[in-house]
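Per Swiss-Prot, the feature Zn(2+) binding site maps to Cys17, Cys20, Cys36, Cys39; the stated evidence is sequence analysis. The annotation zinc finger is assigned in Swiss-Prot to 17-39.
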Amino acid sequence: MVQLTRENRSKFVKVKCPDCENEQTIFDRACTPVDCIVCGSNLATPTGGKAQIKAEIITAFE
């Protein structure tokens, strides 16, 4: 018997805001623009698949 499994390719990433150095966890395939909760600068822009992350990625969570 063949068992089909679907591997999850999306993940959460911890990023550092380039303007205020705030660390924030975001989804790497965000479908809405993600802004920093402290200063309001744009951290990620949706592209139809993976989001274009404009901040420094610190860690990725599986």
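Cβ atoms are placed via backbone N, Cα and C, with glycine included.
Shown on the structure are the features that Swiss-Prot records.
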{"residue": "Cys17", "record": "Zn(2+) binding site", "Cβ within 10 Å": "21"}
{"residue": "Cys20", "record": "Zn(2+) binding site", "Cβ within 10 Å": "12"}
{"residue": "Cys36", "record": "Zn(2+) binding site", "Cβ within 10 Å": "20"}
{"residue": "Cys39", "record": "Zn(2+) binding site", "Cβ within 10 Å": "12"}
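Cys20 (Zn(2+) binding site) falls outside any helix or strand according to DSSP and counts as coil. Apart from Cys17, Cys20, Cys36, Cys39, the residues listed for Zn(2+), the same chain places the Cβ atoms of Pro18, Asp19, Glu21, Asn22, Ile37, Val38, Gly40, Ser41, Leu43 within 8 Å of the centroid of those Cβ atoms. According to its DSSP assignment, Cys36 (Zn(2+) binding site) is coil.
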